[in-house]
């Protein structure tokens, strides 16, 4: 997370076949929806610009978390109240912490807008 926003996010997956539970909180977001995505690279030397595009090993179209055809990194939006920490609570069955398409070592980006 770059800029005035900061936070901690946890990824938990019990087995390679289980969904990933994403929990945590982000501070400093403006009121409204903010895109929440895993990007391709774990490089933040130049802020989010160094993180590359959304993680998309299947070369699919951008989509919502419930879409069958979507970037693996498309985890939807989080809703910020603007005056308090923003909770992150996502369960996703497409991302994984195992194997070649693991998100481990990649960058989580919270976008300014949805």
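Even glycines carry a Cβ here, placed using N, Cα and C.
Predicted, not measured: the structure shown is a model, and the values here were computed from it.
Record note: among 54-80, 81-107, 54-80 is the stretch given as region 'Disordered' by Swiss-Prot. For the binding-site residues listed here (37, 111), the lowest count of other CB atoms within 10 A around the CB belongs to 111. Least packed by the Cβ count within 10 Å, out of the binding-site residues 39, 54, 62, 71, is 62. With respect to their backbone Cα atoms, residue 39 (Cu cation binding site) and residue 62 (Zn(2+) binding site) stand 13 Å from each other. One way to see the shell of the Cu cation site is to take the Cβ centroid of 37, 39, 54, 111; the remaining same-chain residues with a Cβ within 8 Å of it are 35, 36, 38, 51, 53, 55, 73, 74, 109.
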